[in-house]
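Residues or ranges marked as transmembrane segment in TrEMBL: 6-25, 40-63, 97-119, 131-157, 177-202, 214-236, 256-274. The feature domain 'Rhodopsin' is assigned by TrEMBL to 21-270. Look at TrEMBL and you will find 287-320, 340-402 tagged as region 'Disordered'. Positions annotated as compositional bias 'Basic and acidic residues' by TrEMBL: 371-382.
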Amino acid sequence: MGAFVTEAFALLGVGLLFIGLRSYVRISTVGWKGLQADDYLMWFAAILYSGETALAYSVGAYWRGLANNGMTDEQRLLLDPNSEEFMLRVNGSKTQVAGWSTYTLLLWVVKAAMCTFYLRLTDGLEFKTRIYVGFGLIFSTWVAVFLSIMFSCIPFHKNWQIYPDPGNFCQPAISKIDIFVTVVLNVITDLYLMSIPIPMLWRASLPPAKKGGLILLFSGGLFVTMAGILRCVLIITDPINGAQQAGSWAVRETFVAVVTSNMPMVFPLVIRWGRPLIGTFRSISSTGNKNSKLSRSGDPHSGAFKLEDKNPRRGMGPRSVNPITEFTMSGIIMKQTTLQVTESRKSRSDFDGGGDDGGIGDYYLVQQGRKSGDVHGGRHDAGASSRKGKRSSMNFSAPRKI
């Protein structure tokens with residue numbers, strides 16, 4: 001029990017730290033008034049995570065890992081209703097019901113926060129329909145999970161009945177319907193959420209190593225899925241200690257969910273602070289932007305920083321931070337299009353520790369998603385290449401080969 005308490009509260013501390021770092025980045029970039037729904041959802045998740053950890057702790061610390069499962073019919077018959085063990089088993093079972101409810105609500109709130117983040121990430125692209133479908137899937141699956149917890153055992157008080165044996169569905173620590181419904185719907189929603197950003201990043205014009213790193217960063221749902229499946233297997237294979245196993249693995253699974261969902265926005269900041277230990281880390285940039293600085297985004301709702309190139313060419317604007325080249329074939333015409341982006345010059349010194357740290361927060365991901373969408377969505381301005389003498393946010397050159 002001592003080892004679990006140490007682990008549970010250590011995981012809680014790290015999880016809350018990630019939520020705090022995320023909030024620090026967001027508030028520093030957009031201010032309190034610029035926070036979005038996903039930021040508030042993550043604060044709600046922090047409250048639920050703390051409550052879930054407290055419930056998991058009480059299962060072992062107060063109720064000694066006991067519930068209304070793991071008993072023979074004879075043991076149930078002989079157990080005195082006025083005994084301490086009877087009280088421990090009843091209260092342990094009630095705590096299991098509360099734990100299941102808090103655990104599932106926490107996971108689905110984290111999913112909703114990620115889906116809201118994707119809505120900002122893909123602003124202006126063709127992914128909004130898929131994201132709205134994701135919101136519908138998250139809500140409907142959570143309702144299904146909640147109903148399975150509340151109504152799989154009727155009447156409800158049988159969830160803590162000792163004698164006669166109420167059956168597996170009324171033993172919340174090891175209820176198979178609760179386990180399978182939660183695991184199946186958890187896997188489905190996680191896989192769907194991963195299907196939103198990964199295709200966008202796959203199509204982006206990025207170096208293979210960086211593209212792979214970003215895809216891995218947004219594939220955190222796989223770790224949550226594996227943790228949920230492992231939790232299911234351990235509870236089913238050990239019905240005697242199912243109550244303690246359920247609490248222990250619920251804390252571990254939700255820790256993975258909290259960390260992986262906050263990692264895309266926290267990771268650049270962690271890398272920047274850990275630079276003396278892990279070496280130099282740079283965001284995507286051309287070889288000429290060694291003097292890049294972080295500046296405040298011109299969009300008050302973007303909640304991110306931009307990279308500013310300090311080595312522009314005369315009369316042509318700054319060099320592209322990340323040229324995107326696409327080759328398309330239509331009949332016998334091959335077109336090569338290069339996108340050059342002029343970055344904002346409104347500087348910000350909050351995170352300016354040397355000027356070459358790369359974007360902190362989610363701005364880089366948002367911009368890369370927009371660039372990818374512009375290229376693949378066919379929204380290039382064919383006449384922009386003829387306005388070389390003007391300062392514009394995008395310059396295109398489109399050589400054609402017949």
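Any Cβ shown, glycine's included, is placed from N, Cα and C.
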So which of 40-63, 97-119, 214-236 has the most C-beta pairs under 8 Å when paired with the transmembrane segment (256-274)?
214-236
If you average the pLDDT over the domain 'Rhodopsin' (21-270), what number do you get?
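Value for the domain 'Rhodopsin' (21-270), mean pLDDT as a whole number: 89.
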Hey, which bits of the same chain come close to the transmembrane segment (97-119), Cβ under 8 Å, at least six residues off its ends?
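Residues 36-38, 41-42, 44-45, 48-49, 51-52, 55-56, 59, 127-128, 131, 134-135, 138, 141-142, 145-146, 149, 159-160, 172, 178, 182, 186, 189-190, 193, 196-197, 224, 246-247, 250, 253-254, 257-258, 261, 264-265, 362 contact the transmembrane segment (97-119) from elsewhere in the chain.
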Report, as numbers and ranges, every residue of the chain located at least six residues beyond the transmembrane segment (214-236) whose Cβ falls under 8 Å of a Cβ in that stretch; write 'none' if there are none.
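Residues 107, 173-174, 176, 179-180, 182-183, 186-187, 190-191, 193-194, 197-198, 201-202, 206, 242, 245-246, 249-250, 252-253, 256-257, 259-261, 263-264, 267, 365 contact the transmembrane segment (214-236) from elsewhere in the chain.
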So which residues does the transmembrane segment (177-202) touch in its own chain, when a touch means Cβ under 8 Å and the partner is 6 or more beyond its ends?
100, 104, 107-108, 111, 114-115, 118, 121-122, 125, 127, 130-131, 133-134, 137-138, 141, 144-145, 148-149, 152, 169, 211, 214-215, 218-219, 221-222, 224-225, 228-229, 231-232, 235-236, 368-369, 372-373
